[in-house]
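TrEMBL has this to say about the protein:
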| type | residues | note |
| --- | --- | --- |
| DOMAIN | 42-487 | domain 'Major facilitator superfamily (MFS) profile' |
| TRANSMEM | 40-68 | transmembrane segment |
| TRANSMEM | 88-108 | transmembrane segment |
| TRANSMEM | 182-201 | transmembrane segment |
| TRANSMEM | 207-227 | transmembrane segment |
| TRANSMEM | 299-323 | transmembrane segment |
| TRANSMEM | 335-355 | transmembrane segment |
| TRANSMEM | 364-383 | transmembrane segment |
| TRANSMEM | 395-419 | transmembrane segment |
| TRANSMEM | 431-452 | transmembrane segment |
| TRANSMEM | 464-483 | transmembrane segment |
Amino acid sequence: MLTTTMPPSEERRSFKNLVISCRSLSQYEVKNCKVLIPQLIAAVVAMCPNILVGITYAYSAIMVPQMMEEQNSTDPSVLHVSQNEMSWITSCLMLSTMVGALSAGVIMDIVGRLNMLKLMAVPSLLGWAMLALGRNVPMLIGGRILTGIALIWSANPTAVYITEISRPDVRGSFSGMRQLGVSLGMLFVYFKGLYLNWRIVAWMNCGYTVVFALLTLIVPESPVWLVSKNRMDQAKKSLEWFHKYQPQPQNQVASFAELQLGVLQKENVIKMKEREKLSSNSAVQLLQMFLQPTGYKPFLVMTGLYFFQQYCGIHLIVFNGVVFFKQIGTDIDPYIAASYVGGIRLAVNILNIYLTKRFNRRTLMMSSGIGMAVCMGTSGLYTTWLQKGTVTSGWIPLVLLMIYFGFAAIGFLTVPFSIQAEVFPLAIRSLAHAIISVMAGLISFAVLQTYFSMHDFFGGSSGLQYFFAIMSMGGFVFVLVFMPETHKKKLSEIEKYFWNHTTYLSVPQDDKEPTKQKSVELVAIVAKS
């Protein structure tokens, strides 16, 4: 298929003009707290649906144990469920998130970011209502599948919206609010499970869905998306809302919002030409790109990271938190114990905003792996002593697991998602991102589906914790040998790494130092090229 593209000289000239526009615009931008208020409000509104994401993840942690307690009841209204059926109720969520991931990108591009957040209310309301009213296992599984689709339809538009409306110097901090919302949702579920029945919690989640969807009415759509759809009048109004506190640029007739609109229009032209080039690649060409070192090596690295992420127990404990703490044998209420773990994850997510700027990705991942291995292994040892009656300090495993989740939050829980879009070349990035997301979902489904089987196979809770500790140490070794450093690295440098290296240990010491920020004029770089 033939496509018409700009001559190289014209393409460089277009990019040069865009760079000049961005540099010119930055000199008029006032950077203070007041001008960030509209962006902060929009980021908080977009974060709220991510509270539902956390609620959906952790809901099975209170639903399953309460259903297990009801199994001996003679009440005819009680739903009797086998252990295998409970595993399906817990794990089917991850299968539905794959369906949501494949559909979210297409729908979001058609209807917009905020409309996607409104649209997520449909599967969310239906799913939570089915869970609240469910009188048989198929209804419960159907409800979980629908809430899983709503989960992705909430998470993906939130990430894109916050990225597109945030000022570059605060984009990382605002993006960190997404994980903050997830942690808040988990904490809410664990705490409510202490006092409320799982059906009542499902009804409450219907209320949250309506409130969060209505909140999106108070903020404007992403101006980047509006420009991409050639809706310039709406894009201008959106930019005027986001930059309402920016003063009138000196010696300029146009407002700051109008200048920003011009930059977005130029940027959109370049993006459209890039998409035209990528769309000309045939399926055979894409397959060939995946078979190159820059395709299959990052794919294997990401698959390995997600494998160890899931099998070191992070999401398994999140989805089965209350049951897990019951099986340890601690005398602390398992719902309170799960709430403590949710609280420590929330605190570390706030701290992580600083850590991700200060430390390299490999440093965070290796520290995370060692910390998780030590905490989980020691917790398994104390669990053995508790069950034998050798010790009575039931709070020690809980403290160790809280520290375990603290270490998980700085590395294995968050970093794989951060580098997933960085390690693949632009030509296959979107497709590779989708494939890796599906792979991660399949691994997570396998872990959740086999929780009770693994518990029996390893001889109880202590043996399962030893297994998680071994897998955490395996994750440390995998990162040490195979994971490249992407912090402060250019995308071209990451691509070059996969061309030249299979293991990180083969990289010369000089090349392992993070790329230093250089004050080089972008215009000069373009002109030189």
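Each Cβ is built from the backbone N, Cα and C atoms, and glycine gets one as well.
Curation does not apply to TrEMBL; its annotations are automatic.
For the transmembrane segment (431-452), the residues of the chain that approach it from at least six positions outside its boundaries are 83, 86-88, 90-95, 97-98, 101-102, 105, 286, 290, 295, 298-299, 302-303, 306-307, 309-311, 315-316, 319-320, 416, 420-421, 424, judged by C-beta separation under 8 angstroms. When Cβ-Cβ distances under 8 Å to the transmembrane segment (335-355) are tallied for each of 182-201, 364-383, 464-483, the top count falls to 182-201. Listed as Cβ neighbours of the transmembrane segment (364-383) (distance under 8 Å, sequence separation of 6 or more from its ends, same chain) are residues 308, 312-313, 328-329, 355-356, 391, 393, 396-397, 400-401, 403-404, 406-408, 410-413, 415, 461-466, 468-470, 472-473, 475-477, 479-480, 483.
In the predicted model, the domain 'Major facilitator superfamily (MFS) profile' (42-487) has a mean pLDDT of 85.
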